[in-house]
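Reading through the structure tokens given below for one structure.
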């Protein structure tokens with residue numbers, strides 16, 4: 001089963017594609033949709049065009065996205081919510097339904113601790129996939145963690 005995991009952001013959007021089969025997960029591709037500083041409308045367009053490219057190059061059985069985290073700055077929350085809304089609409093138009101996980105759910109699924117640091121998540125992602133190299137930046141490891149969380153959740157539901 002091919003799963004796309006997405007870690008939305010207003011500067012970079014991490015994405016990861018894994019193949020999940022009988023409890024074994026293989027990383028197919030991971031990267032960033034880089035969003036250049038510009039007006040919000042152009043940034044959202046850039047994000048959606050990046051997602052379009054991913055869907056043009058791959059087909060997916062499942063898509064999972066990390067929910068936005070709580071931020072203290074209301075402007076940040078509003079901007080992230082707009083990016084998240086655009087991503088949600090684009091995924092629904094191209095693929096259909098998708099799963100959503102909070103950052104705490106992702107951290108708990110990957111590390112066993114809901115309050116794990118991004119570095120701890122990155123360490124466990126590397127370990128769970130049997131990778132020899134570190135994956136940078138952390139937006140990418142977060143996207144992989146979202147995909148792994150969804151794969152684990154699907155195994156539990158089956």
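Using the three backbone atoms N, Cα and C, a Cβ is placed for every residue, glycine included.
Among the features that Swiss-Prot reports, active site is placed at 7, 66, 139. Feature annotation from Swiss-Prot assigns Mg(2+) 1 binding site to 7, 139; the stated evidence is sequence analysis. As annotated by Swiss-Prot, Mg(2+) 2 binding site applies to 66.
Cα separation, residue 66 (active site) to residue 7 (active site), rounded: 5 Å. A distance of 6 Å separates the Cα atom of residue 7 (active site) from that of residue 139 (active site). Using a 10 Å radius centred on the Cβ of residue 7 (active site) and all shown protein chains, the other Cβ atoms total 24. Residue 139 (active site) falls within a helical segment according to DSSP.
In this structure, residue 7 (active site) is part of a beta strand by DSSP.
Other Cβ atoms within 10 Å of the Cβ of residue 139 (active site) number 23 in total over all chains.
All protein chains shown were included, and the count of other CB atoms within 10 Å of the CB of residue 66 (active site) stands at 23.
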